[in-house]
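Below: one structure, written as structure tokens.
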């Protein structure tokens, strides 16, 4: 069963990220601190006629890291070439990409923490001094070739900044921590999306939808699509607060934005392990999910909302989790 709160990109669905993506900083809703900083750094680079320093964007999935990379490129008026860590399997793959860059271009690497170390090491001299040395041939006939690169900006995006090596992380002069969105910003995003796609929704409905979107624009837009379907078939096509409540209840998305998998995690901890501590591996087996999936997709929001704690001995369900799910709490 597909997870309605899944953060995966929506592919060819109507509400594509590309269609909804703002083009410039003034169009970008939320992330005010990051926007304020980037506006200064971008303007300074333009006045000096220099490439922007390398940028690392990090935070949970679905918070607009890719969108921010495109916005930076538009603000600078430069081209952006896009790839991802898993797609760059060999050093030669990265060399080919770097060799195509024009002065001032942006190279955007999504999931940069998943690059192989052999590939990552090629970036060190490229980022610091704009050159690469590559070996061609084998054995006694091998030789090193020095390639100068034009000044460029590398933008790396990651959900796991802690997995970056120290040498790579140190070469990013600018960092942007993308945080979960506030309710008012998500409400504005929902209303903007509704306007773009000519969906009739009242303000209270947009606010309710925003409250249950896990602080994540991608999820808010996906839920809007599902609620629109519900309103079209069950109602008169207009999304009201009542329609929103009924649709999200049908989708098992509760008032805190937790879906059936989030609730399954917490119920498993409470019912089987007295609230914990329980190890991540054990918990993952019990709910039939991959360990990395639990750690990267589910835990951050549960922790941020105060339902879950990470301790040295394992995961622990909080008193708030007990209260939210209707379990009596015993402080052991």
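Easy rule for this one: first residue shown is 1, then count along the chain.
Cβ from N, Cα, C; glycine included.
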The ATP site in Swiss-Prot lists 20, 21, 62, 65, 66, 67, 128, 129, 130, 171, 181. Which one of 214, 218, 222 belongs there according to the record?
218
Around the Cβ of residue 315 (DNA binding site), the count of other Cβ atoms that are within 10 Å:
25
Going by DSSP, give the three-state secondary structure for residue 312 (DNA binding site).
coil
Find, for the listed binding-site residues 62, 66, 181, the residue with the lowest Cβ contact count at a 10 Å cut-off, counting only other Cβ atoms.
66
Among 291, 310, 312, 315, the record's DNA binders - longest CA distance, Å:
17
How many other Cβ atoms are found within 10 Å of the Cβ atom of residue 130 (ATP binding site), counting all protein chains shown?
17
Please identify which of 20, 128, 291, 310, 312 has the densest Cβ environment, defined as other Cβ atoms within 10 Å, among these binding-site residues.
20
